[in-house]
Each structure stands twice: as structure tokens, then as C-alpha cells.
């Protein structure tokens, strides 16, 4: 009897922890999108987005080291862990440099997209990461999707097409925008998100190495990659105006939200499922839309409303199947083509 009660309590705590992580991710995602859009459309001195991405990686590295230090219990154990798993494992660093490079490109594309698209339009369109992640999950992790899940994927794509058919306009934004450039940037970000997320999930769940050790490995590579991107993209201007040119309290808020969001994403990938982090997107879409109407004077159109509704419903349908997808299944003998249509 006692064992049953303890198991029930453990399951409830686990469920509450997952709900807590997804709730925080929802709030962070909505606030991050709106705040980033605000910093790219308001203010005369526009900051360098490449430096913001770099600072985000540095903050995530220090946060991960702090959490690993707490897990280790002492400074000596922390140093030993870093020597063995980080500085003493160049192959592992090289392995994690792949998602570092892809995530760096994704984060920079997010700045380009939100400079040219409204926050609500961006939030809806960005949900294309779900079908992209689903496809990568099938091909890279040997999992299968149900017919309902594939139906929801196509429904989501239809909703995004409706949103982009006649994009909603923001009356309070006066800066020049290029919707096609924004859509191209978000397309690249979606592809990067799907591949890097599943790749990182596979690395995490294929070994017993600590989540925070993996994060440190990835963020070290990420800092190098983003510094190179700063030099290649804005090197001359950064040297002339300074690394922190144009930074305001709102820019630092965006950096903080990006850092926290990155860590919560790692937690969700580790303890639930990589594509489960997309389920909170429906609430984030609603919050971003409300904020865009208030702050940017977004004019809601019929096509935007129908498209956003389709996206929210598709996300809900995608999460209906009650299957345990938190573990990597053994390789099957089926071909990739056969797995794509498996029920």
C-alpha cells in the first residue's frame, strides 16, 4: 500500500514538474518574441543582434556551470568533472559543436525574422518547427507517428499558409520591413530548430552524461561560433561603435529571456520529449497576439484568425496520442520510407 502511494506521489510530482517547465517555457517564449520585436522596431540606435546572441551563450554557460557546481557538491568535484568531461573530451566537444553551429544560425535568423515580421505572425509561422522536428525524429531517432499526428502536421502547415497569405499589419510600427526576407529567415530558423533539437536529444539520451555537462560542452562551442559570426557580420562596426552599442534595459531583457529559455528547453528535452516543447506554443500564440494588438497596433485579419486557430488545434491534436516517446527505441529493420507511414 505504501509503495503504491509513493509511486503515485512520484508520478504526480513528475507530472507537476513537467507542467511547470512547459508553463514557464510558454511565458518565456511569448515575452521573448514580443520584447525582441519591440527592440528591433523602436529606438533610433539599433544594437548588433550578433553580439546579443553571443552574450546569450556566455550567460547560459555560466548558469550551467553554476547548476553543475551545485550538483557536484564541491569545487573539487566540479573541477574534476570539467577536466574529465569537457576539457579532456575533445571528441565530445566536437560532437556538440554541430548543434552549437546550427543553433547560432537559428538565433541570428530569429532577429532577422522579427525585424521584418510582427511578433504574432512570427509566433504562428515558427510552429513549422513541429513538422520539421517530427520528420527529424522519425528519421534520426527511429520513432513512428500515428495517422492523427501526421494529419495534425498537415493541418499546421495549412494554418501557417493562411497566416502568411495576407499577413496582419501593425499600424504602430514605422520602420521599413521586408516580409519575404522575414519569412525566408524564419524558414531557415525552423529547419535549424528541428535538426539541432533532435540531434541534441539523441546525444542526451544516448549516454548517462549529465545534462549540464552537455550544455557546457555545447555553449563553449557556441561562444566560439558566435564570436566568429560577430567578426564576419559586424566586425568593423563593432570595433568602431563598441560591442554593447545600442543596448538598453529591453535588450538585456531579451538576452535574459533567451538564456533562461535555452536552459528550460534543455530540461524539457531531457525529461520529456523534444517535440513536447511545441505543445505550449498555442498559449504563446494567444499571448503574443494580444501583446501585438496592444503594443504594435496589429490589425487582426480573417485569414490570420483562421490560420492561428488551425495551428492551435493541430498542436492539440498532435499531443493526443498517449505514447511514451521519452526513450530512443532500438533500430528497426524498416526502411525510412516505411517508418514515415507507420501507424
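Each Cβ is built from the backbone N, Cα and C atoms, and glycine gets one as well.
Since the structure is predicted, the reported quantities are computational estimates derived from the model, not experimental observations.
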From 117-133, 304-320, which range did TrEMBL mark with transmembrane segment?
-> 304-320
Can you say which of 148-165, 212-232, 304-320 has the most Cβ pairs under 8 Å with the transmembrane segment (46-69)?
-> 212-232
Counting only CB pairs under 8 A, let me know which of 180-200, 244-267, 279-298, 304-320 has the most with the transmembrane segment (148-165).
-> 304-320
Would you mind listing the long-range same-chain contacts of the transmembrane segment (279-298), meaning Cβ under 8 Å and 6+ residues beyond its ends?
-> 22-23, 25-27, 29-31, 33-34, 37-38, 41, 118-120, 122-124, 126-127, 130, 168-173, 308, 311-312, 315-316, 318-319
